[in-house]
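Feature annotations, reproduced from TrEMBL:
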DOMAIN    24-143  domain 'Bulb-type lectin'
DOMAIN    283-319  domain 'EGF-like'
DOMAIN    338-420  domain 'Apple'
DOMAIN    501-594  domain 'Protein kinase'
SIGNAL    1-23  signal peptide
TRANSMEM  434-456  transmembrane segment
Amino acid sequence: MGVLSSMFVIPNLLFFFFETTYGINSITSTQSLADGNTLVSKDGNFELGFFSPGSSKNRYLGIWYKIQDKTVVWVANRDSPINDSSSILMINSTASLVILSNNSVVWSTSSLKQAQTPLLQLLDTGNLVLTDEKSGNSDEYLWQSFDYPTDTILPGIKHGWDLKRGLNRRLIAWKNWDDPSSGDFTFEMTLHNYPEAYLFQGKEKYFRTGPWNGFGFSGSPGLKPNYVFNFTFVYNQDEVYFMYTLKDKSLISRALPNQTNSLFQRFTWIEVAKSWNLYSSLPADRCDSYGVCGANGRCIITESPVCQCLNGFKPKSQQKWDSMDWSQGCVRNKPLNCQKLITHGFVKFSNLKLPETTYTWVNKSMNLKECWEICLSNCSCTAYTNSDIKEGMGCAIWFGDLLDIKQFPDGGQDLYIRMHPSELGTGNRHKKNIAAIVACSIVVVFGMLLGSYYVCSKENLRGIIERMRTIVHSSNSKGPEEDMELPLFDLSTIARATDDFSLNNKLGEGGFGPVYKGTLLEGKDIAVKRLSKSSGQGLNEFKNEVNLIAKLQHRNLVKLLGSCIQENEKMLIYEYMPNKSLDSFIFGLNFDPN
């Protein structure tokens, strides 16, 4: 019997010796992994085995970065510790993973389907996967650790929901450095109509990322593609998740909620220093604390106090607000009259972390004007914006109070908030500016017509006048600011066309600034009206000028080809007309923004 026993024992010892020495990365259903032995990914970055965290003597099965400090990124039996070194990991007869300790099941998985020849493998990504070797598809996983993250999100992990399986891939912090069991600090994706991720402390909301806007989460404008990370957000009927990947595969990175300091932190490994470098941390400041300014308030970290009511709103309790208790938030200065929807308007707020999306409605195919129309027609709609600013499409509208708004110095997103007509002073002034621009345009156009080489018939003149009346009327009832109606030229293109605004190409100069002749690469001659930086005309007024002139296009008028808005430059690009027929039109157009 002794000889026979040796025949079975020695091969097992040789297997584990080979595994430990050369870094075996997989086991089959006929093999097991005992405490004291490990699997190592092919690239050597990750290792799977049993470990004891910190000063604890409990044993856990985990995956860690195989670097100097042995950073653990996944724990199987986090809530079922083992108090000795008798445990083994194996694949059972139903192709499920089990951890046995003293012949008792400590932890187990369930596979998506049966497998004839199951194989457990630790991939170079840090993902522990169970596959069927006979299926011939190594990417078809019966089970994977990436579907069941513990506290760490690695590159390639989908943080969010598999809606078909009802699987929530959320992160739960360790209780402390010595105890990997589930703490009360969690990070997970919510399934609102406009999804966003939250940090929870217990059941209390602690931090909110804001919804994904095409570039990143609106509450984290720094979280966008860069030379280190790529970010992906997927939202469809099957899945809702966020994922990051590394552009340089040799980099080592991790992100996790930290129970000790109540932060969600992202780290990169610095090999030279043999230490983790903190890349980013959330919440970043006081204004990231959930709902700090209450309903209809906004938090501005550079202001003192940091909380302010939105324009058109006032503190619900002035006494509490003055004592810096902002919990009751703000209410409207004047209640809205839903019987007079036509009198309502919207004020644009820029650089915001969008409000909490619990009570929202989203349509991915609408444009901003359609979004304005549907929000205006529903008195319960308090605000709207583009859901995807990268594509300039999609409609997201809010109902009820607007919660957890933060204003950034730059970045963030535009939000259009419904206002009582008495709060539309800025908007009324804007309408007056448009009317003034139109009036000035009318005078200029008539002057140009009288001085041109063409003679308009009475019918043509009547048509132009009628068109101008229509434009004036539509300007006073215009919805949100729309995109430019004519092409935008690149500054480098205009600089090249005018020989860097050479004096030899200068046609003249008016109160608004100089005009240059230029030639585009395709040979087309242009005249460039370069607005002086001291003209006082703002960006919105300039855009209005461009759009209005575009609407006033007529066969007897000089053709406006487009504009250039770049690096503090504002320019109008006209078709060049010889014999100075352009002068009176261009030099006379100097709209007053006031």
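Even glycines carry a Cβ here, placed using N, Cα and C.
For the domain 'EGF-like' (283-319), the number of residues in each DSSP class (helix H, G, I; strand E, B; coil) is 5 helix, 9 strand, 23 coil.
In terms of DSSP secondary structure, the domain 'Apple' (338-420) contains 15 helix, 35 strand, 33 coil. Within the domain 'Bulb-type lectin' (24-143), the DSSP-based counts of helix, strand and coil residues read 3 helix, 51 strand, 66 coil.
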